[in-house]
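Report on the structure given below.
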Amino acid sequence: MDLRELVPALNDFASLSLAESWDNVGLLVEPSPPHTVNTLFLTNDLTEEVMEEAVQKKADLILSYHPPIFTPLKRVTWKTWKERLVVRALENRIGIYSPHTAYDAIPHGVNNWLTKGLGACTSVPLHPSTAPNFPAQGTHRVEFCTDNEHLDAVLSKIKDIQEISCLTTLPARVEGEEQTQVNLNCSQKALLEVVALLSQNSLLYHKTEILLLQKPLLPHTGMGRLCTLSDPVSLSDITERIKRHLKLPHIRIAVGMGRTLESPVKKAALCAGSGSSVLKGTEADLYLTGEMSHHDILDAVANGISVILCEHSNTERGFLAELRDVLAIHLQNKINIIVSEKDRDPLQVA
């Protein structure tokens with residue numbers, strides 16, 4: 001596939017609009033076109049060792065879950081390892097694409113894969129995503145009626161206000177009088193100017209309705225998951241299940257106040273990667289994530305919530321094998337998809 005055909009297909013698999021606003025997702029490095037992709041190389045972290053593997057395996061595009069370019073680069077030299085990744089990619093005509101939190105949010109993404117380590121359960125997002133394209137523009141909708149005599153003057157002043165969209169008019173009958181209803185979408189800033197304009201005419205202002213536009217929630221989509229187990233099991237059993245799912249010999253655990261390893265777990269809140277901000281304040285028997293701050297762990301334990309930590313990328317990397325299979329179907333088996341063998345969490349138990 002040509003890269004310019006493949007990137008939209010990857011975006012269709014997981015809309016980049018679902019990524020967190022602070023994230024850096026999408027196509028990060030693009031070789032000069034045309035660029036044919038025969039081999040797509042999957043990794044959780046793009047290190048120099050993984051880049052060398054991608055070169056050896058003749059990858060044409062690297063899909064790195066974590067974006068290797070996050071903070072802006074002021075130069076591209078051989079001095080730092082992240083700059084060298086870009087140099088190596090361009091020298092070998094390898095593109096780099098990163099989905100990161102877009103894959104966290106989708107129903108068939110990283111967090112959904114992590115829930116499988118708990119056993120049979122139902123799950124809902126802790127922080128649901130909202131529909132990216134509805135409403136199309138604006139934060140508020142303003143509706144008012146005016147007599148036809150003043151219509152042109154009012155519309156002329158409204159059109160001078162910035163950040164107004166979807167301005168429409170339609171005939172209306174108010175108290176037996178022929179009038180015109182005006183509808184518009186606007187930003188929070190523009191709303192103040194619209195209200196100031198309309199309030200100059202008390203009759204006009206009294207016929208005004210202001211509606212807050214809220215985007216609908218997307219089902220099963222968003223950050224983190226709150227999982228309800230079909231059958232409660234002990235914290236000890238959950239721990240063993242998670243170790244098997246993540247293929248880890250050891251994990252870290254903090255037992256909640258008043259709990260033991262034999263205490264039942266019915267509800268588990270989880271977040272792949274770093275879960276402190278996503279999990280904070282959630283009522284559950286267990287928090288499952290890669291890493292949390294010391295003080296957030298203390299807060300959870302004091303509230304009777306046990307915490308399991310598996311190291312950051314260990315809660316993400318196992319998803320790549322599943323991703324390889326579902327992407328092959330999504331891309332109609334048009335390209336070869338391989339998973340890195342060198343990619344691993346930097347922390348080990350000594």
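Glycine too: its Cβ is placed from the backbone N, Cα and C atoms.
Curation plays no part in TrEMBL annotations; they are all automatic predictions.
In sequence order, ASN44, TYR65, VAL110, ALA272, GLY273, GLY290 make up the list of same-chain residues 6 or more apart from GLU316 (divalent metal cation binding site) whose Cβ falls under 8 Å from its Cβ. The divalent metal cation binding site feature in TrEMBL is assigned to HIS66, ASP104, HIS312, GLU316.
Neighbouring residues of the recorded divalent metal cation site, listed in sequence order and excluding HIS66, ASP104, HIS312, GLU316, comprise ASN44, TYR65, HIS100, VAL110, ALA272, GLY273, SER274, GLY290, SER313, THR315 (Cβ within 8 Å of the Cβ centroid). The highest number of surrounding Cβ atoms within 10 Å, among the binding-site residues HIS66, HIS312, is found at HIS312.
Residues within less than 8 Å, Cβ to Cβ, of ASP104 (divalent metal cation binding site) and separated from it by at least 6 positions along the same chain comprise VAL110, ASN111, MET223, CYS271, ALA272, GLY273.
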